[in-house]
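Trainee: A single structure is presented below for examination.
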């Protein structure tokens, strides 16, 4: 587990470094060009207005930049009758939506301490609440799309299309319908409403639905959009788009879990088959080779046999011989074999003890005209 985690961390770091190199190569020349153009415009203004000092112009530029960051419109002055505000009801509703969705465009920021304090508690409560709503909407939306795709699958199955191909087609239809509803259609709507190019519109759509939210392009930020319902409608599109993306990610996660389980089961079966095959091959090789011969022992010098023990009178029978007959007989057989190998006479059985009679043969039934066996007692 630690090795996998470290490998994943190294992959993410490599991905970040590669992204940083690409973005620097693409954006740094544009930044330097914009800085040179600003310096040229500033020098041109100072030459045209010699009464304005360089320090005063710098202070003016800084104040203008702060005002733009606070939501001020540079095209609106104090004498105009424009009613546009970055904090009207529709814009404030859209700003609240960007908080709980964690998008945070940044084109409009809080400037008061009271607003920042309220935003802290508002985000802590609103983000989990929106997460619960997003899960519910994603479940319903995914079920509706899958139910509609299920009817199409039934049609394909009636046409005797293979089930594996039907699954692939249903997954592609799920992605295609979602992209058509929540990516392509909003792209053309924003091209018309915001006067953006297709690249700018699809850039805004993807940046929004992935909750990146840079803030360089924001729907409804143009003062010409004076409709109070425009930005709330955009927020509801964000809700459905995020729910669709959540259902797609859930489907991908379930598919990966199923693939992982099948892979583990197949690997376990392959491991068991390999172990069985190895055991079978080992047994066959052992049978063909035969049992291994013991290593040869070193020759020992021949020694004279030990003297035979003198015959002693047998001891009277004790209870141990009767209590443990099997042990006693085994000891006798072993001692007799040993003494016979040495060439010693075996001790005679005591006169007082009778040897057990040999087992009798079973009596055969006597048929008519058949002589009686001589060995069988009557």
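Backbone N, Cα and C atoms are what each Cβ position is placed from, and that goes for glycine too.
According to TrEMBL, the protein has these features:
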COMPBIAS  302-317  compositional bias 'Pro residues'
COMPBIAS  350-369  compositional bias 'Basic residues'
DOMAIN    85-141  domain 'Potassium channel'
DOMAIN    179-257  domain 'Potassium channel'
REGION    284-378  region 'Disordered'
SIGNAL    1-19  signal peptide
TRANSMEM  89-110  transmembrane segment
TRANSMEM  117-137  transmembrane segment
TRANSMEM  168-189  transmembrane segment
TRANSMEM  201-221  transmembrane segment
TRANSMEM  233-256  transmembrane segment
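Describe the structural surroundings of these features, if you would.
Mentor: Restricting the average to the domain 'Potassium channel' (85-141) gives a pLDDT of 89.
Remark: secondary structure over the domain 'Potassium channel' (179-257) totals 56 helix, 0 strand, 23 coil, with classes taken from DSSP.
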Trainee: Any chance the transmembrane segment (201-221) and the transmembrane segment (117-137) have 3 or more Cβ pairs under 8 A, given the pairs are 6 or more apart in sequence?
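Mentor: No, the stretches stay apart by this measure.
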Trainee: Among 89-110, 117-137, 233-256, point out the range having the most Cβ pairs under 8 angstroms from the transmembrane segment (168-189).
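Mentor: Between the stretches 89-110, 117-137, 233-256, 233-256 has the largest tally.
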